[in-house]
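Colleague: Quick one: the structure is below, questions incoming.
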Amino acid sequence: LTGVLDDCLCDIESIDDFNTYKIFPKIQKLQERDYFRYYKVNLKRPCPFWADDGHCSIKDCHVEPCPESKIPVGIKAGSSNKYSKAANNSKELEDCEQANKLGAVNSTLSNQSKEAFIDWARYDDSQDHFCELDDERSPDAQYVDLLLNPERYTGYKGPSAWRVWNSIYEENCFKPRSVYRPLNPLAPSRGGDDGESFYTWLEGLCLEKRVFYKLISGLHASINLHLCANYLLEETWGKPRWGPNVKEFTRRFDPAETKGEGPRRLKNLYFLYLIELRALSKVAPYFERAVVDLYTGNGHEDAESKALLLDIFRDTKSFHMHFDEKSMFAGDKKGAKSLKEEFRLHFKNISRIMDCVGCDKCRLWGKLQTQGLGTALKILFSEKEIQSLPENSPSKGFQLTRQEIVALVNAFGRLSTSIKELQNFKVLLQQTR
């Protein structure tokens, strides 16, 4: 892969260098810190779209939840919006609740009215979300240590996996009925369509819908790269050996094996990287405020985590070929607003499809990476709110929950790893020729 990417003025070589020498080592370090390694997720939510076709029984599909005793006290104590020391001070919370009770205007609200208020609040909260968020208070939501449950090839494939990706591509990527070629790269192509008519159609789409397809294709390519790079090569005497599988990589990405599709998929991975990189540079002011301190209960570690995160933000801002999201949704106000809402709802639907993944480990990483991308999109469309944040108090206009922060950093960490693994496969391919 070389040259300039479509829909932005950035070349692949610049991204490779920037990722290898600046981003990758730091984001790897950040992901190992307590604040970012524990992710709360509900892996038991039922699939909302079709009857559950059973969970994967392969042992590598299993996710080991983290016992409560291992979770840092600051993470365990805080609810979704509380990521600072002040917000986790239980005395302050009690005082606050007491004041609310004393200052209540009317404590005789009917249950119906209370439910309506809760619904309104939930509706307001969901307006800027691009993802269906797990309810962290659910008894089925558990903390998972991401370092102990790495994303890798589990053997999960067949009709269940195919149905998930097929539903994502065919029902959510703005495909008109006139295009017969399946968008799903796993589907067999029909007749003599070599894909060129599909790409002619794609280029004719408005930028926003084209971007949507590229984001999903890039995410799919990234996940496939992780599976190829962390493949079960052999298992002798119960000792598994994981590593890069060049044959599997070739099957999924080689131009000859994929009718020229592979390089396009990888270009979409680079495009997705640029989108999430842009979101990180845009959200920096939110974290630069003293009120946000990535609270785990260990003051020294928290300060180091924040310093490392701010260092990564400085690097993202230094990159000189960002994607310009201002070109999106820039038409007449009414049309742009309607298109943005359609974009958001399509993506939200995709986040719900992740509850249909039959392998727990694939579901965990699918949910996390989808939520990370959804958070990046939320950031890109909240620029004004981020710029007008108060310095010393939690903001009303724009907020990120701890879950969103953890998903954002880990999802970008996965993309950074994908691009690094791609360099590794280039070397391995040269050695095998």
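Cβ atoms are placed via backbone N, Cα and C, with glycine included.
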Colleague: Of the listed cysteines Cys356, Cys362, which one does TrEMBL record as disulfide-linked to Cys359?
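Modeller: Looking through Cys356, Cys362, the record in TrEMBL gives Cys362 as the partner of Cys359.
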Colleague: Highest CB neighbour count within 10 A among the recorded positions Cys61, Cys359, Cys362?
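Modeller: Result of the Cβ crowding comparison: Cys362.
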Colleague: Roughly how many Å lie between the Cα atoms of Cys359 (active site, nucleophile) and Trp165 (FAD binding site), rounded to a whole value?
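Modeller: Between the alpha carbons of Cys359 (active site, nucleophile) and Trp165 (FAD binding site) there are 14 Å.
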Colleague: Among Arg152, Thr154, Trp165, Ser217, His220, Arg252, the annotated FAD contacts, find the widest CA pair distance and round it to a whole Å.
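Modeller: It comes out at 21 Å between the most distant Cα atoms.
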